[in-house]
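Asker: Let me give you the structure first, and then I'll get to my questions.
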Amino acid sequence: MSECMHLTLCICRIGAYTCFRTLCCKGQPPPRPEYDLVCIGLTGSGKTSLLSRLCSEATDNIGPTTGFSIKAVPFQNAILNVKELGGADSIKKYWSRYYQGSQGVVFVLDSASTDEDLEMARTELHSALQHPQLCTLPFLILANHQDKPAARTTQEIKKYFELEPLARGKSWILEGSSVDNIDAVKQSFTQLIELLEDKDQDTGRI
(Lines of atoms letter the chains of each structure in order from A and count residues from 1; the text may use other names and numbers.)
(Lines give C-alpha, C1' and ligand atoms only; values in the text may rest on other atoms or scores of the structure.)
Protein backbone atom coordinates (compact mmCIF):
# COMPACT_ATOMS: atom_id res chain seq x y z
CA MET A 1 0.00 0.00 0.00
CA SER A 2 1.45 3.36 -1.01
CA GLU A 3 2.16 6.01 1.62
CA CYS A 4 -0.42 8.30 -0.05
CA MET A 5 -3.17 5.69 0.24
CA HIS A 6 -2.18 4.90 3.83
CA LEU A 7 -2.36 8.60 4.74
CA THR A 8 -5.79 8.88 3.09
CA LEU A 9 -7.11 5.94 5.12
CA CYS A 10 -5.81 7.49 8.35
CA ILE A 11 -7.50 10.79 7.59
CA CYS A 12 -10.78 8.96 6.86
CA ARG A 13 -10.53 7.07 10.15
CA ILE A 14 -9.91 10.30 12.06
CA GLY A 15 -12.88 11.92 10.32
CA ALA A 16 -15.15 8.97 11.08
CA TYR A 17 -14.07 8.96 14.72
CA THR A 18 -14.69 12.68 15.00
CA CYS A 19 -18.19 12.27 13.56
CA PHE A 20 -18.88 9.40 15.97
CA ARG A 21 -17.78 11.50 18.93
CA THR A 22 -19.92 14.41 17.78
CA LEU A 23 -23.05 12.33 17.24
CA CYS A 24 -22.84 9.73 19.98
CA CYS A 25 -20.70 11.22 22.72
CA LYS A 26 -22.01 14.75 22.83
CA GLY A 27 -22.17 16.05 26.38
CA GLN A 28 -25.12 17.71 28.04
CA PRO A 29 -25.88 21.22 26.75
CA PRO A 30 -24.81 23.99 29.12
CA PRO A 31 -27.52 25.00 31.59
CA ARG A 32 -29.55 28.08 30.77
CA PRO A 33 -28.73 31.08 32.93
CA GLU A 34 -31.36 32.04 35.50
CA TYR A 35 -32.31 35.60 36.40
CA ASP A 36 -34.34 36.76 39.38
CA LEU A 37 -36.89 39.43 38.52
CA VAL A 38 -39.43 41.39 40.51
CA CYS A 39 -42.76 42.15 38.84
CA ILE A 40 -44.79 45.09 40.16
CA GLY A 41 -47.85 47.07 39.14
CA LEU A 42 -51.24 48.10 40.44
CA THR A 43 -54.05 45.64 41.01
CA GLY A 44 -55.85 45.01 37.72
CA SER A 45 -52.86 45.79 35.53
CA GLY A 46 -52.77 42.16 34.34
CA LYS A 47 -49.50 40.94 35.85
CA THR A 48 -50.76 37.49 36.81
CA SER A 49 -52.53 36.84 33.50
CA LEU A 50 -49.44 37.72 31.45
CA LEU A 51 -47.14 35.55 33.55
CA SER A 52 -49.62 32.66 33.51
CA ARG A 53 -49.86 32.81 29.71
CA LEU A 54 -46.07 32.85 29.44
CA CYS A 55 -46.04 29.65 31.51
CA SER A 56 -48.83 28.12 29.38
CA GLU A 57 -51.15 28.08 32.38
CA ALA A 58 -54.89 28.67 32.37
CA THR A 59 -55.99 32.23 32.97
CA ASP A 60 -59.56 31.46 34.04
CA ASN A 61 -60.68 32.69 37.45
CA ILE A 62 -57.50 34.67 38.15
CA GLY A 63 -57.88 36.99 41.14
CA PRO A 64 -55.67 39.68 42.65
CA THR A 65 -52.35 38.47 43.99
CA THR A 66 -52.25 38.42 47.79
CA GLY A 67 -48.72 38.98 49.04
CA PHE A 68 -46.51 37.57 46.30
CA SER A 69 -46.11 34.59 44.00
CA ILE A 70 -43.14 33.19 42.10
CA LYS A 71 -43.13 31.69 38.64
CA ALA A 72 -40.24 30.18 36.67
CA VAL A 73 -40.79 31.42 33.13
CA PRO A 74 -38.75 29.38 30.61
CA PHE A 75 -37.22 30.86 27.47
CA GLN A 76 -34.89 29.26 24.95
CA ASN A 77 -31.80 31.02 26.27
CA ALA A 78 -32.71 31.73 29.91
CA ILE A 79 -35.06 31.01 32.79
CA LEU A 80 -36.68 33.97 34.49
CA ASN A 81 -37.64 33.49 38.12
CA VAL A 82 -40.31 36.16 38.42
CA LYS A 83 -41.48 37.30 41.86
CA GLU A 84 -44.84 38.98 41.35
CA LEU A 85 -45.93 41.35 44.10
CA GLY A 86 -49.57 42.15 44.76
CA GLY A 87 -50.67 45.64 43.75
CA ALA A 88 -53.25 46.45 46.41
CA ASP A 89 -52.73 49.54 48.59
CA SER A 90 -52.23 47.33 51.63
CA ILE A 91 -49.37 45.50 49.90
CA LYS A 92 -47.63 48.25 47.89
CA LYS A 93 -46.08 49.78 50.99
CA TYR A 94 -44.17 46.53 51.53
CA TRP A 95 -42.86 46.15 47.96
CA SER A 96 -39.35 47.31 48.82
CA ARG A 97 -38.95 44.43 51.28
CA TYR A 98 -38.92 42.04 48.31
CA TYR A 99 -36.50 43.95 46.04
CA GLN A 100 -33.29 42.48 47.44
CA GLY A 101 -31.58 40.06 45.07
CA SER A 102 -33.48 41.21 42.01
CA GLN A 103 -31.56 41.38 38.73
CA GLY A 104 -34.29 43.05 36.69
CA VAL A 105 -37.72 44.66 37.00
CA VAL A 106 -40.99 44.10 35.15
CA PHE A 107 -43.48 46.94 35.64
CA VAL A 108 -46.99 46.33 34.29
CA LEU A 109 -49.50 49.15 33.90
CA ASP A 110 -53.07 49.23 32.63
CA SER A 111 -52.95 51.45 29.55
CA ALA A 112 -56.77 51.64 29.51
CA SER A 113 -57.18 52.65 33.16
CA THR A 114 -58.73 55.81 34.55
CA ASP A 115 -56.62 58.98 34.72
CA GLU A 116 -56.49 58.59 38.49
CA ASP A 117 -55.12 55.04 38.33
CA LEU A 118 -52.68 56.00 35.58
CA GLU A 119 -51.33 58.80 37.75
CA MET A 120 -50.93 56.31 40.61
CA ALA A 121 -49.05 53.92 38.31
CA ARG A 122 -46.84 56.81 37.20
CA THR A 123 -45.98 57.58 40.82
CA GLU A 124 -45.12 53.93 41.55
CA LEU A 125 -42.95 53.58 38.44
CA HIS A 126 -41.06 56.78 39.26
CA SER A 127 -40.48 55.46 42.78
CA ALA A 128 -39.19 52.13 41.45
CA LEU A 129 -36.86 53.76 38.90
CA GLN A 130 -35.26 55.80 41.68
CA HIS A 131 -35.17 53.12 44.38
CA PRO A 132 -31.57 52.34 45.48
CA GLN A 133 -32.03 48.59 44.99
CA LEU A 134 -33.62 48.90 41.54
CA CYS A 135 -32.23 52.05 39.91
CA THR A 136 -29.29 50.27 38.24
CA LEU A 137 -31.33 47.27 37.00
CA PRO A 138 -32.86 46.70 33.55
CA PHE A 139 -36.58 47.57 33.38
CA LEU A 140 -39.28 46.10 31.16
CA ILE A 141 -42.33 48.38 31.23
CA LEU A 142 -45.45 46.82 29.75
CA ALA A 143 -48.36 49.05 28.75
CA ASN A 144 -50.89 46.27 29.10
CA HIS A 145 -54.47 45.87 27.84
CA GLN A 146 -53.63 47.25 24.42
CA ASP A 147 -56.60 45.25 23.10
CA LYS A 148 -59.06 47.58 24.87
CA PRO A 149 -60.58 50.55 23.00
CA ALA A 150 -59.51 53.05 25.66
CA ALA A 151 -55.88 51.90 25.64
CA ARG A 152 -53.27 54.64 25.38
CA THR A 153 -50.42 54.12 22.93
CA THR A 154 -46.86 53.51 24.10
CA GLN A 155 -45.93 56.97 22.84
CA GLU A 156 -48.66 58.50 24.98
CA ILE A 157 -47.48 56.47 27.97
CA LYS A 158 -43.85 57.47 27.40
CA LYS A 159 -44.77 61.15 27.30
CA TYR A 160 -47.18 61.07 30.25
CA PHE A 161 -44.77 59.06 32.42
CA GLU A 162 -41.86 61.34 31.43
CA LEU A 163 -39.70 58.32 30.77
CA GLU A 164 -37.12 59.99 28.55
CA PRO A 165 -35.84 62.46 31.16
CA LEU A 166 -36.48 60.24 34.19
CA ALA A 167 -34.90 57.04 32.86
CA ARG A 168 -32.03 58.66 30.94
CA GLY A 169 -28.90 56.58 31.39
CA LYS A 170 -30.86 53.53 32.57
CA SER A 171 -31.59 50.28 30.72
CA TRP A 172 -35.31 50.16 29.98
CA ILE A 173 -37.81 48.94 27.42
CA LEU A 174 -41.39 50.15 26.96
CA GLU A 175 -43.70 47.87 24.99
CA GLY A 176 -47.43 47.43 24.54
CA SER A 177 -48.93 44.10 25.61
CA SER A 178 -52.10 42.06 25.91
CA VAL A 179 -52.89 38.47 26.80
CA ASP A 180 -54.31 38.02 23.29
CA ASN A 181 -50.88 38.58 21.72
CA ILE A 182 -48.58 36.52 23.89
CA ASP A 183 -45.98 36.20 21.11
CA ALA A 184 -45.38 39.95 21.33
CA VAL A 185 -45.06 39.64 25.11
CA LYS A 186 -42.47 36.89 24.67
CA GLN A 187 -40.52 39.13 22.33
CA SER A 188 -40.56 41.90 24.94
CA PHE A 189 -39.16 39.52 27.55
CA THR A 190 -36.53 38.36 25.06
CA GLN A 191 -35.38 41.98 24.80
CA LEU A 192 -35.19 42.12 28.59
CA ILE A 193 -33.04 38.98 28.62
CA GLU A 194 -30.65 40.69 26.22
CA LEU A 195 -30.34 43.60 28.64
CA LEU A 196 -29.71 41.16 31.50
CA GLU A 197 -27.02 39.40 29.48
CA ASP A 198 -25.37 42.72 28.64
CA LYS A 199 -25.34 43.67 32.32
CA ASP A 200 -23.76 40.29 33.17
CA GLN A 201 -21.01 40.92 30.62
CA ASP A 202 -20.40 44.42 31.93
CA THR A 203 -20.12 43.04 35.46
CA GLY A 204 -17.66 40.42 34.25
CA ARG A 205 -15.41 43.09 32.73
CA ILE A 206 -15.11 45.01 35.98
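Going from the start of the chain as shown, residues are counted 1 onward.
Placement of Cβ uses the backbone N, Cα and C atoms for every residue, glycine included.
These came from TrEMBL, pasted as-is:
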BINDING   GLY41, LEU42, THR43, GLY44, SER45, GLY46, LYS47, THR48, GLY87, ASN144, HIS145, GLN146, ASP147  GTP binding site
BINDING   THR48, THR65  Mg(2+) binding site
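Mind running through what each feature is packed against?
Answerer: Around THR48 (Mg(2+) binding site), the same-chain residues six or more apart in sequence whose CB sits under 8 Å from its CB are ILE62, PRO64, THR65, SER69, GLU84, listed in sequence order.
Its own atom aside, the Cβ of THR65 (Mg(2+) binding site) has 19 Cβ atoms within 10 angstroms in the protein chains shown.
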Asker: Determine the most Cβ-crowded residue among the binding-site residues GLY41, GLY87, using a 10 Å radius around each Cβ and all protein chains in the structure.
Answerer: GLY41
